[in-house]
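Here the structure comes first, spelled out in structure tokens, and everything after it is commentary.
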Amino acid sequence: AGDVLSGSVDGGGEHAGVLQELFGPQWWTSREFVILATAVAVLLPLVLLRRVDSLRYTSALSILLAAVFMLITMGIAVYTVFTGTAKMPRMLPDFSTLASPFELFTAVPVIVVAFTFHFNVHPIRAELSKTSDMKSAVRISLVLCAAIYAAVGFFGFLLFGDATMPDVLANFDRSSGSGVPQALNDAARLSYALHLVLVFPLLHYSLRVNVDELLFPGRRPLAADTRRFVALTAVLMGLLYALAIAIPSIWTLFQYSGSTFAVCISLIFPGAIVLRDVHGIAKRKDKAMAAMMITLAVITSSIAIASNVMSSIKGEVKGVSAGAS
């Protein structure tokens, strides 16, 4: 929401948001105010819903908006192909821009984050009328995610090439150079930004439940205790708002979160459950795959964390040198 409406700065270039393009820099188009207004006006009413099935309509709308963003991106890319302004995407990494080959591992955590939604399996399954539908729900979700991510990634890179930003939404500003009406660029940005806003309550639902069980074990269900429910929601929203302001780069956030908790939730914990095998149902092949999955997860995440830290240190040193000059 901040990148789309207020703009972002990345790689030395400034990308204006939709509001700043229309009305110029104002106090009410600043990143802090826009994120706060979005949190209060849109997110708060949704996160105050006490059942996950209450979010089914906003969840369906979010999928529709993601598909709209994909189709708009695809349409713009096809248009640029026919007009000759498309950029031929590189099929292999450009190693000349890397300080170390290990920097390639920094992309792994971002991919892991994209497919990490395991923490909502239990609450969704508990509220399904037929629990057997959960397997179909997971399969459909993975297919949708893979199709939309692959299409947006390919056509976005076809549009912007090496200028593709960590948050591709920021590329759809007046400097995109795609040659299509700006209204279409704005529609692409706004559709996906709203998609992300509508996904947030699902993430927040599981966060709140798990934090409550960690801090208040043995208490009555959170949904039945209005005071605890509202207080915990307010505290979490305040902390998340502070993080959104303190960490303006979504790439940085995904790098560190993907190489820590997302790797644990997606790969390490499931593998550990298989190895523990409390019910004695895992076969030797299952345990071998689980051990391999844990090993690869630990190695890649360790390399990614080290690369992220080194890149951050180098960036700070360059910033200090530039300031001194």
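Backbone N, Cα and C define each Cβ position, glycine as well.
As written in TrEMBL, here are the features:
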type     : residues : note
DOMAIN   : 28-305   : domain 'Amino acid transporter transmembrane'
TRANSMEM : 33-49    : transmembrane segment
TRANSMEM : 61-82    : transmembrane segment
TRANSMEM : 102-121  : transmembrane segment
TRANSMEM : 142-161  : transmembrane segment
TRANSMEM : 190-208  : transmembrane segment
TRANSMEM : 229-254  : transmembrane segment
TRANSMEM : 260-278  : transmembrane segment
TRANSMEM : 290-310  : transmembrane segment
Against the transmembrane segment (102-121), which of these stretches has the most C-beta pairs under 8 Å: 33-49, 61-82, 142-161, 190-208?
190-208
The recorded stretch from 142-161, 190-208, 260-278 sharing the largest number of CB pairs under 8 A with the transmembrane segment (33-49) is 190-208
Taking the transmembrane segment (229-254) as reference, the highest number of CB pairs under 8 angstroms among 61-82, 142-161, 190-208, 260-278 goes to 190-208
Using a Cβ-Cβ cut-off of under 8 Å, list the residues of the same chain that are 6+ residues beyond the ends of the transmembrane segment (142-161) and lie near it.
63, 66-67, 69-70, 73-74, 76-77, 80-81, 86-90, 114-115, 168, 171, 176, 178
Taking residues 6+ outside the transmembrane segment (61-82), which of them lie with a CB under 8 Å of any CB in it?
144, 148, 151-152, 155-156, 158-159, 178-180, 184-185, 187-188, 191-192, 194-196, 198-199
Surrounding residues of the transmembrane segment (260-278) on its own chain - C-beta under 8 Å, 6+ positions past either end:
109, 112-113, 115-116, 118-119, 286-287, 289-291, 293-294, 296-298, 300-301, 305
